[in-house]
Amino acid sequence: MSTIAPPTPTAAPTASRPSGRAPIARLAWMLTRPGAASPATVALPIVAFAVTTALLLIVLGGVLMFWQRTDVNAEAFKLLSLLALALLIVPLATLGGAAARLSARRRDDRLATLRLLGATTGTVTLVTVVESTVLAFLGALAGVVLYAVSMPLVGLIPFDGGPIGPTAIWTGPLPILAVVVGVALLAAVSSVIGLRAVVVSPLGVRLRQRAPHTSWLRLLAGVVIVAVAYGTLSSLGVITDVAILVVALVGAFAASVAVLGLVGPFALSVFAKVRLRRAKTAEQLISARGILESPKAAWRLVGGVAMTSFVAVVAGTGTALLESFSAQSSADAIFIADIRTGVLITLVASFTMVACSVGVGQAAAVLDRRDLYVSLDRVGMPVATMDRARVRSVMLPLVFVAVGSALLGALLVFPLAGLALIVAPLSLLVIGICFVLGLALVRLSLLATRPILTNVLAHPERSLG
Amino acid sequence: MNTPLLHASSLVLRYGSTTALAGVDLVINEGESVAIMGASGSGKTSLLHCLSGILRPDGGTVRFAGPTGPVDLSTLSDGERSRLRREAFGFVFQQGLLVPELTAVENAALPLLLSGYARRDAEARAAAWLGALGLRGLEERRIGELSGGQAQRVAIARAQVGGATLIFADEPTGALDSATSVDVMDALLRSTVGQGHTLVVVTHDEKVAARCSRVVRLTDGQIVSDSAGPVPPRAAVPAPGAFAGPSPVTTAVAHVAATDGPAFGGAGWEAGR
């Protein structure tokens, strides 16, 4: 009987004696380098961070542009730019969160293997942090390029009677540096606080927790605030000064927007419950349950659109009316046209951010649920059904909140809206077109993630084996 | 009486330069419980995937004696095989792989919804299955609120709710502790072969295999032992003849039993854990 002799160790050079420390950078590179991971694993977070950075810089550049104005309307524009920023901050944060989550949850298996091989928790965490941060940094750099490339296009937007020009939203090098560092830090912090363990559903929500209860009290508070806002807006007719009018409008908006935030998740959960009861097909059932899983997460995704839709209708109506009445003064006309342009830009920007969040979130969700999708394919669920369930779980809440908030806005300014419909139908049509374009953009981003789903089903061996 | 249900002949399957199945011949009879065993990489899961129409073999044929006549799985399109899997076969995977947002009863009802059943009927039938598998009272629980064994029972209900009489299970107890494994295997056997249905299980667990009526062992993509003896030389399932209609795929209505739920159950079934 022969024994198996261990291989004779070759004379090791003294320099390669183990140091006892894990080579973090080397491990991170081994896990991230092209070929080690599927291209989507590395490319998706980079793209997500690039889009986040570019949108962040464009918004920042836009706000700074208004703060550099020195004309008579400068104060009003500063106020309005802050309002726009407030409206965009939620969708922007959602997008950033989605990107961070996407990069932080990568390659759990590989990290688990590392741990099995004896890497300490500290090493594993450090590898994840290094990896996420590097990907975020690369994405942020790409985002700066994207921002620079998009500047001429954004420069076509008319303000103050003409296009703002290709360099109008240039923030300067310091803010750019701050944004790039900020995005990388966001990724680092996200991976430290262990977002890896988060299970992402089609809406990008945490699973395995009881669906939260939303209270009727919120609805009551909402109704009261809306009534007060309605009263304020109804008495706007007595105000003739444009500046005071703007302040009154902004006040009423702020209150109503707050109501939307208060009532939104509740309204979404009621909406989903109705949908659930009426669900007849598998995709209707899955999408309604998906929203109910976390109405708050669903609201985080589409809430920005709710607020901008509301503002678009109210402000759009107001500006359309003012424009048709004050045509004799060209300075006022330009000011009002600028406000309307700002409203439309904010609307389109918030839809764009939702579209990006949906794209990133869906990419992550499909990859996270790889096994589930493969198993559903095996039990004979058609791909079209899986895709429809995904699309419905995003588009239904989006259309619901966009239309719902627009209607709420129209209700608030009901007499004015009716008047505007008669005297300035074209202005309202433009707002309507922006809505349709925004919805189409989100639908497109869902379409863009479909190949990820078909690719997962075409390579089932990567998941179930 | 042995009635052949599934007949694989000379199955060959390759992944690139690796040969997963190297000429497998296997006849599975109605009412059998067949355990397919083998080491990792022996081709047991590949065989299951070919037998169930998940994968199309590179060579050989798989004939299935469907309710409307014999079907050659290897000649069906992707869509037709997908429909066959949905309507004639049932699947149980290692980890239930249920839709996490849906409740137990909704998960079990999913195949019926996909086949176009009204939701109320689908859920009633699914609830009857869950009840028979010892999950009464848990119908409205979401999957995250169930134990591993309970989730696996939901998967067993989902596999059979559409009236499938041929169930494929891939390591159905692989993620469970040994006591729960016994329970789940009980549920699986009694709800399938207990009803005269057929069960094909891929497993590496000798205890699971010991409970099956027949054990087939694979090594390097070939059958090295079969407790039922060698495959008879004559084709057991006849080739689909010229008389077969243009669409040999069964429909849900054609094979779903007229009863509203499982025809088994009893006191022993209520003790699910």
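Backbone N, Cα and C define each Cβ position, glycine as well.
Caution: TrEMBL annotation is automatic and unverified by curators.
Copied over from TrEMBL:
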type	residues	note
DOMAIN	A:98-197	domain 'ABC3 transporter permease C-terminal'
TRANSMEM	A:42-67	transmembrane segment
TRANSMEM	A:79-104	transmembrane segment
TRANSMEM	A:116-149	transmembrane segment
TRANSMEM	A:169-195	transmembrane segment
TRANSMEM	A:216-236	transmembrane segment
TRANSMEM	A:242-271	transmembrane segment
TRANSMEM	A:297-322	transmembrane segment
TRANSMEM	A:342-367	transmembrane segment
TRANSMEM	A:394-414	transmembrane segment
TRANSMEM	A:420-442	transmembrane segment
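Averaged across the domain 'ABC3 transporter permease C-terminal' (A:98-197), pLDDT for the predicted model comes to 79. Listed stretches A:169-195, A:216-236, A:297-322, A:342-367, A:420-442 were compared with the transmembrane segment (A:394-414); the greatest number of C-beta pairs under 8 angstroms is found for A:297-322. Same-chain residues lying 6 or more positions outside the transmembrane segment (A:297-322) and placing a CB less than 8 Å from one of its CB atoms are 83, 87-88, 90-91, 94, 203-206, 233, 242, 245, 249, 252-253, 256-257, 260-261, 264-265, 268, 272, 291, 332, 336-337, 339-340, 343-344, 346-347, 349-351, 353-354, 357-358, 361, 394, 397-398, 401-406, 408-410, 412-413, 416-417, 419-420, 423-424, 427-428, 431, 434-435, 438.
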